[in-house]
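As annotated by Swiss-Prot, Cd(2+) 1 binding site applies to Cys15, Cys19, Cys32, Cys37, with the evidence given as similarity to another entry. The Cd(2+) 2 binding site annotation in Swiss-Prot covers Cys19, Cys24, Cys39, Cys42. Residues or ranges marked as Cd(2+) 3 binding site by Swiss-Prot on the basis of similarity to another entry: Cys26, Cys30, Cys32, Cys42. Sequence annotations record features per position, and here Swiss-Prot assigns Cd(2+) 4 binding site to Cys46, Cys58, Cys64, Cys72 based on similarity to another entry. What Swiss-Prot lists as Cd(2+) 5 binding site is Cys48, Cys52, Cys54, Cys58, and the listing cites similarity to another entry. Summarising the annotation, Swiss-Prot assigns Cd(2+) 6 binding site to Cys54, Cys66, Cys70, Cys72.
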Amino acid sequence: MPAPCNCIETNVCICDTGCSGEGCRCGDACKCSGADCKCSGCKVVCKCSGSCACEGGCTGPSTCKCAPGCSCK
């Protein structure tokens with residue numbers, strides 16, 4: 001029985017409730033953006049240049065929205 005957080009084996013992306021943080025394997029198919037993401041390696045990180053803040057709706061580099069006049073990395 002694969003761990004509930006192992007989305008490579010289960011093909012189901014569970015990040016928050018139901019995932020204890022054990023046996024995390026996310027892969028490209030499973031990325032979490034919520035603060036309650038138990039698997040640190042699954043967390044989507046949006047980085048903006050300098051001290052610019054990230055705006056909501058960021059699910060990865062391609063959808064990263066930074067404050068106006070800022071660029072995403």
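Cβ coordinates come from backbone N, Cα and C, glycine included.
Locations of recorded Swiss-Prot features on the structure.
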residue	record	DSSP class
Cys15	Cd(2+) 1 binding site	coil
Cys26	Cd(2+) 3 binding site	coil
Cys32	Cd(2+) 1 binding site	strand
Cys37	Cd(2+) 1 binding site	coil
Cys42	Cd(2+) 2 binding site	helix
Cys48	Cd(2+) 5 binding site	strand
Cys66	Cd(2+) 6 binding site	strand
Tell me which of the binding-site residues Cys42, Cys66 sits in the most Cβ-dense spot, judged by other Cβ atoms within 10 Å. Cys42
If I take the alpha carbons of Cys39 (Cd(2+) 2 binding site) and Cys15 (Cd(2+) 1 binding site), what is the distance between them in whole Å? 7
Quick check for the class: what is the C-alpha distance, in angstrom and rounded, between Cys24 (Cd(2+) 2 binding site) and Cys15 (Cd(2+) 1 binding site)? 9
Rounded Cα separation (Å) that holds between Cys26 (Cd(2+) 3 binding site) and Cys48 (Cd(2+) 5 binding site): 24
Starting from the Cd(2+) 2 site formed by Cys19, Cys24, Cys39, Cys42, give every other residue of that chain whose CB sits within 8 Å of the mean position of their CB atoms, in sequence order. Cys5, Cys7, Ile14, Cys15, Gly21, Arg25, Cys26, Cys30, Cys32, Cys37, Lys38, Ser40, Gly41
Using the structure shown, find which entry in Cys37, Cys39 (the binding-site residues) has the sparsest Cβ neighbourhood within 10 Å. Cys37
Could you give the Cα-Cα distance between Cys15 (Cd(2+) 1 binding site) and Cys42 (Cd(2+) 2 binding site), in whole Å? 8
